[in-house]
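One structure is given here, and the rest of the page talks about it.
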Amino acid sequence: MKYNQYAYVETSPEKATEELLAINFLPENYSSLSFSELLAVLTGNVLAEATTRQAKDAKLAEFAVDDQTDLAAFLLDTPTAITASQFANVALQLLGYHPNYDYSLTDPLTCGEKHALPAFKDLTSKEELIFAFYRLLNTRSKNGQILLDVMAGKGYFTQFWGEGKFMLFNGKSLPVFDTSQVIREVVYVQSDLDTDGDGKGDLLPVTIFRPVESQDQLKVPALYTASPYFGGIIDNVKTNHNVDENLTDATTWTNPKYVAKPLVKSPAPSGQDVPATELATGQSSYGLNEYLLARGFASVFSGAIGNRHGDGIRITGSPEETISQKEVIEWLTGDRVAYTDRTRRFETKASWCSGNVGMTGRSYLGTLQIAIATTGVKGLKTVVSEAAISSWYDYYREHGLVIAPSECQGEDMDKLAEVCQSNLWDGGNFTAKKAYEAEQAELLAAQDRATGQYSDFWESRNYRHHADGIKCSWISVHGLNDWNVKPKNVYKIWQKVKQLPVESHLFLHQGPHYNMNNLVSIDFTDLMNLWFVHELLEVENGAYEQWPKVMIQDNLEADKWHAESDWANDLGQASLYSPTADGYLSTVENGTGQLTFTDLGGTEFKKAGISETDWEYQFISGEKKWAKASLRFESEEFLHPTTLVGRPKVQVRVAANKTVGQLSVALVDLGTRQRLTATPKIFARGNQPFGYRFEADSLQEFVPDKATKAKLITKAHMNLQNYQDMKQPSKLEAGQFVDLEFELQPTYYTLPAGAKLCLIIYSTDQGMTKRPLETEDYTVDLAGTALLLYRK
């Protein structure tokens, strides 16, 4: 598998020598050393676990230069050069590869090529040797980290602990901060909000992990993770809403309104600055933050309103939620008051903070980055938003229907608020409990699970309509197989952000609702190190030009990434397909006639007792038990690999035999073959240290799985009563044909030669839609039905 490397910054030999000297890797007297002496010293310096020169020299015999000679013996002959093969053998062993197991000592260059390592060459001078080691230190090891990070995990950089300054190498920050003495503290930011109605501004607990070096003169930037889960998660899955119910006439919709909560203006910060008096007992919950904490970036967490030990109530997705999370940044930049404890007597300042703030986090944590960025708050320099919601309607609804996130059937705004209302665990917080119960009733009514229609309530939770307020640089990360936060969320915010005068990048991986910072196929963590150094330390390191604007992981070969200028329909050519009465999906023949299927609702699914995931696979694979409740149309086999891009669109002329109805459409890749695993395989658990005796991550990647019959590419759902307007339901008569036109979730998917594309038209999606208790007939007029794709 290829260890692709995008974060290595091309560096001159002169600059490389300077950087090697700065980290004490290249000895000051290197010019007086012979080639063989320098080779011994540099190899020994990689072995950070050996703390004396004698110990380092003793370990040289453990390394082979070929299948006959160890390095110590090789050096006895005082060589003045080393061949590409010999150096490759030593380098591969330093990188963690095992000779005779991972590769052959007689052919190390093939191993390097296999894993996309930098090319090895003959080294005939000390200058070449020095630069070769510089490149080696910046090369990804078998554990996925660059060799310099492996050395850090063995204690190499403890020699710099206490110096109180950032050190850079190849444009990235080094782990020179003492992780054994991290300051862990809690402060209470006062909000302008009074969401619990007690007449006082809500206090928002904020947890800070920062380098001990920031106690003195060093000011450090902050990585802020707005995490509603940080205070704890209330498990309420057993109380999720019932979805086994019939559809409701959507014309009963009343357009529920958003109602703002009262404000209580907080006092301006005074000159008082008392050190924090509460120790943090919570743990960092985001690996990228831990990695960068060892490299000098403070890590800040807050769940804001409604979180454990704080005030207020959770109001999922609301402007109040955005305001409260934004207020933490205002404290970090000196514009808001915070206190040492809940008595509000002693102010404390983020005097350790440089005023430059970046944001990190996935899912809800990524969502709040989008929300805060739209406010244009001062000090927020960049966001790295992963698997984020850009409109809450697109999370819990779709085209006039109640639609669940994957594996979250019955969840909704009120239930998520309950999950995150961790201050309910504070037994004495009676104010929050009373306000919470009232808010739950309001959320239940306003979210309108009866009709699923767009409303003012949902409009207030659509961050995309405030995208013009974004002033910071932007990175979005999303899984193309994320059916929790569906890809529409990142696609639609990307269409806005890419037009703004800010630097922006997009990563699309093959995962579901997953992080990508520890994949074999891409050095994402190193890229983010480079990025945050540029944005928060304000060092010009070429980060903006270092990698393509859009990077997309291939669905056939996990170690292949596509460089694109954009992610949009424009990447491909439009192709129109028509379903025909004999079950074909044709580009040359128009469909005629009518076909009918009977939707069974959720009754058979409940009887089967299988999971929603198992149902979906059996359904898309065409198992008769489930496929009979659908219409399926298959293309001819593709003669050449074909990549689908952007958002497919369907037009369906359909009639139902009831006055309500829901239509689902799926695009499926058919053909029995190996496909990538749904989630990455862990190669070695806990093998990526973030620093010396600190936290760690695990190397993982998608790998070929057992053969399957089919794979879902994309899908979408629509309420038949929105045939005239996506935001306004209309009356529907039984038997009335209506023309539905809607887009599917966006994709970037390659169909290999020999695959077939299958269009499935159905109604009940057991994992996402409501599951009616009654059957319903749907008749599709093929003459008014078509599929528009964009193909590369």
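The backbone N, Cα and C atoms fix where each Cβ goes, glycine too.
Bear in mind that the values here come from a model prediction, so they are computed numbers and not experimental data.
Summarising the annotation, Swiss-Prot assigns active site, charge relay system to Ser363, Asp482, His513.
When other Cβ atoms within 10 Å of the Cβ of His513 (active site, charge relay system) are tallied across all protein chains shown, the result is 19.
By a simple count of nearby Cβ atoms, those within 10 Å, the most crowded of the active-site residues Ser363, Asp482 is Asp482. DSSP classifies Asp482 (active site, charge relay system) as coil under the three-state reduction. The two recorded residues His513 (active site, charge relay system) and Asp482 (active site, charge relay system) have their Cα atoms spaced 5 Å from each other. With respect to their backbone Cα atoms, Asp482 (active site, charge relay system) and Ser363 (active site, charge relay system) stand 10 Å from each other.
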